[in-house]
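Asker: Take a look at the following structure, please.
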Amino acid sequence: MEDSKKKGLIEGAILDIINGSIAGACGKVIEFPFDTVKVRLQTQASNVFPTTWSCIKFTYQNEGIARGFFQGIASPLVGACLENATLFVSYNQCSKFLEKHTNVSPLGQILISGGVAGSCASLVLTPVELVKCKLQVANLQVASAKTKHTKVLPTIKAIITERGLAGLWQGQSGTFIRESFGGVAWFATYEIVKKSLKDRHSLDDPKRDESKIWELLISGGSAGLAFNASIFPADTVKSVMQTEHISLTNAVKKIFGKFGLKGFYRGLGITLFRAVPANAAVFYIFETLSAL
């Protein structure tokens, strides 16, 4: 992300927000159907879906594509814009600050900036993912004779009415843990893989200054794998906290009590599968826009 870091403070921040928003929206459209399946696997009350394929098949046969796989996309689409804008602007601004005012090593700058970016993003993400998770499992809950909202605004209104404005941040602790550690893994993997690929192929072309398209795509896909693999148990806990209105400790106890250790990894396969194209697109689009 050298192009973004070279610009002035205000100009760079504005461009990071714009470019991050566009990249985030594109990535969300790619990953959302897979995310719906993941959330349903994570939050099922019993072993309704023994496999990922059984969940996909059930969702398609009973709800179709739009209502089944894209239920509740409006909220996370806006959230993806806010999340990625926050991630990239926080990361690049923190990197600039550390580079200018400290003697922290380049790797240290990446790790610290990634953690700061993830922490900031968690504040934006919690309300968005709360609404998203509720909508993604709403059709299942309606089928089980529970009255649930299946639209964004009524869902938000119901949360505020029942729990107040602070209720929108149900699951903040789980999201903070996931995003702070995940931010480190996400940015560090991207920067390290990109630099490694660039350095290796610079031997053939010493004058080449920019990364090739395939290098950006591989780096972004690798970052997505690292992020999701490293924080998946925290993501499972967060999903249960938000769909069942329980604390972090109770969510951990409930998951482990019902499914054991493997319960924290339900839906991991499809999550890693979706992580590659979605994150490859996010980083490629962001880097391309930043270079304009």
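Cβ atoms are placed via backbone N, Cα and C, with glycine included.
These numbers come from a predicted model, not from an experiment.
Quick paste from Swiss-Prot:
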- 11-97: repeat 'Solcar 1' (REPEAT)
- 14-34: transmembrane segment (TRANSMEM)
- 69-89: transmembrane segment (TRANSMEM)
- 104-124: transmembrane segment (TRANSMEM)
- 105-196: repeat 'Solcar 2' (REPEAT)
- 171-187: transmembrane segment (TRANSMEM)
- 211-292: repeat 'Solcar 3' (REPEAT)
- 213-233: transmembrane segment (TRANSMEM)
- 267-287: transmembrane segment (TRANSMEM)
Asker: Compute the average pLDDT of the predicted model within the repeat 'Solcar 3' (211-292).
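Answerer: Taking every residue of the repeat 'Solcar 3' (211-292) together, the mean pLDDT is 92.
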Asker: Determine which recorded stretch among 14-34, 69-89, 104-124, 213-233, 267-287 has the most C-beta pairs below 8 angstroms with the transmembrane segment (171-187).
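Answerer: By the under-8 Å Cβ criterion, the transmembrane segment (171-187) pairs most with 104-124.
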Asker: Short question: which residues 6 or more past the ends of the transmembrane segment (213-233) have a Cβ under 8 Å from it?
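Answerer: Tertiary neighbours of the transmembrane segment (213-233) are 177-179, 181-182, 185-190, 193-194, 197-198, 201, 264-265, 268, 271-272, 275-284, 287-288.
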Asker: Sequence-remote contacts (6 or more beyond its ends) of the transmembrane segment (104-124), Cβ cut-off under 8 Å?
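Answerer: Non-local partners: 79, 82-83, 86-88, 90-92, 94-95, 98, 172, 175-176, 178-188, 191-192.
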Asker: Using a Cβ cut-off under 8 Å, which residues of the same chain at least 6 positions beyond either end of the transmembrane segment (267-287) come close to it?
Answerer: 1, 3, 19-20, 22-24, 26-28, 30-31, 34-35, 37-42, 52, 84, 88, 186, 190, 211, 213, 216-221, 223-225, 227-229, 232, 235-236
Asker: Per DSSP, what is the residue tally for the repeat 'Solcar 3' (211-292) in helix, strand and coil?
Answerer: 72 helix, 0 strand, 10 coil
